[in-house]
């Protein structure tokens, strides 16, 4: 679609366009780093626990790097390397996890439609409607 410049995220017209078109009204920045993130070890463990959300998870990497792991149709892990300038949207209902790489540093913008809900439902969470809709979506793309 477009290329985002992470160095000018504060006033990047491309980012503004994406936020407007997708209705990403809410935004904050999280820095995943031992020195700046309270309860770092605990948070890292929590991010790496396989889970889903009832809303899309949108992340834009402003600095550093890490991995999002997602499940494919056969329930196998797919590892997605994310670095500065990359944006990802994980659909509601997809099982996933996140971890930093050996640099132990990632700065990311978190985008959200409406007020953010950060509730993570650890697997198994197949009873949620969002999970059912995601599974149905997967079946249609077969």
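Cβ from N, Cα, C; glycine included.
As given in TrEMBL:
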- 51, 53, 57, 96: Ni(2+) binding site (BINDING)
- 51, 53, 57, 96: Fe(2+) binding site (BINDING)
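Considering other CB atoms within 10 Å as the measure, the emptiest surroundings among the binding-site residues 51, 96 are those of 51. The Cβ of residue 57 (Ni(2+) binding site) lies under 8 Å from the Cβ of 88, 89, 90, 96, each of these being in the same chain and 6 or more residues away along the sequence. Close to the recorded Ni(2+) site, the chain also has 52, 90, 94, 95, 97, 120: residues not among 51, 53, 57, 96 whose Cβ is within 8 Å of the site's Cβ mean position. Residue 53 (Ni(2+) binding site) has a Cβ environment of 20 other Cβ atoms inside 10 Å.
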